[in-house]
Amino acid sequence: MNIADGRQAFPAPAKLNLDLRITGRREDGYHNIESIFCLIDLQDTVYLKPRDDGKIILHNPVGGIPQEADLSYRAASLLQKYARNPAGVEIWLDKKIPTGAGLGGGSSDAATVLLVLNRWWQCSRTTQQLIDLGATLGADVPFFIFGKNAFASGIGEKLIGMDIPKQWYVIVKPPVHVSTAKIFTHEGLTRNSASSIMPTFQNLQPFRNDMQAVVFKEYPEVWKAYSELSRYGFALMTGSGACVFTACQDRDSAYNIYRQVSGLYEAYLAEGLSKHPLLSV
């Protein structure tokens, strides 16, 4: 994990929403959801180097945005007030998870920063306290802090561990960026799905994504990618898109599909994880 210049490398895995239902709109403008979150081994690497001068420096903000707007920088800044000593950090992001894809890359990076700096800075935040902090950064951050496959409700911050069968996933990213805000404010979005009484992996099947129909209508490229992937099995969109995926029981089956679609689209072959890699560190 250690590399020559004093930085340390930490994993930030992606996620898939194997099922996503919108159960209502909240008074604060957010939506209540119910979703199955699954970790996969497609991951970014977050490099961190401690500082003792209290400065937080993000060396390569994603997409050219100001560092103060980046989720990883904001995560460190949010946690800093709990540090026992004047603590700082330098951050580098090695991005492998595509952005704007529904895979949670930015949220996962932020969660990794919170998890590591909570130890480094001796902040003594519990997992639940970190989840509460993460929820102020984004709806997906709590799941990555929770660190296990889960059934999520609320805006995504209420999490219950869920056993998910070992699966391989073929993920296709169409050449388009989906605006999450546009989808959540769309008049055609389903917002009244019934809440689950017994939320288990088996009981929630057949899986669906309540955002999918609206995204297909507004972004034909996502529909095209979904249609192509559906030739090989049951396909579904993750999050608010743009990625679509299909699940396989073994790597060989997944690889055969990956070979077919990777010539047409940016595609990924990923294995499902049972827990966040940082839980093993």
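Residue 1 is the first one shown; counting continues down the chain.
Note: Cβ is positioned from N, Cα and C throughout, glycine not excepted.
As given in Swiss-Prot:
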ACT_SITE  K15  active site
BINDING   P98, T99, G100, A101, G102, L103, G104, G105, G106, S107, S108  ATP binding site
ACT_SITE  D140  active site
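Annotated features, which come from Swiss-Prot, shown on the structure.
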{"residue": "K15", "record": "active site", "Cβ contacts under 8 Å, 6 or more apart": "F37, C38, L39, I40, L103, G104, S108, D140, F143, F144, T238"}
{"residue": "P98", "record": "ATP binding site", "Cβ contacts under 8 Å, 6 or more apart": "G105, K173, C243, E266"}
{"residue": "G100", "record": "ATP binding site", "Cβ contacts under 8 Å, 6 or more apart": "H177, V178, A242"}
{"residue": "G102", "record": "ATP binding site", "Cβ contacts under 8 Å, 6 or more apart": "N17, V178, M237, T238, G239, S240, G241, A242, C243"}
{"residue": "G106", "record": "ATP binding site", "Cβ contacts under 8 Å, 6 or more apart": "V62, D70, L71, S72, T99, G138"}
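In sequence order, A14, I97, G239 are the residues of the same chain, not among P98, T99, G100, A101, G102, L103, G104, G105, G106, S107, S108, whose CB sits within 8 A of the CB centroid for the ATP site.
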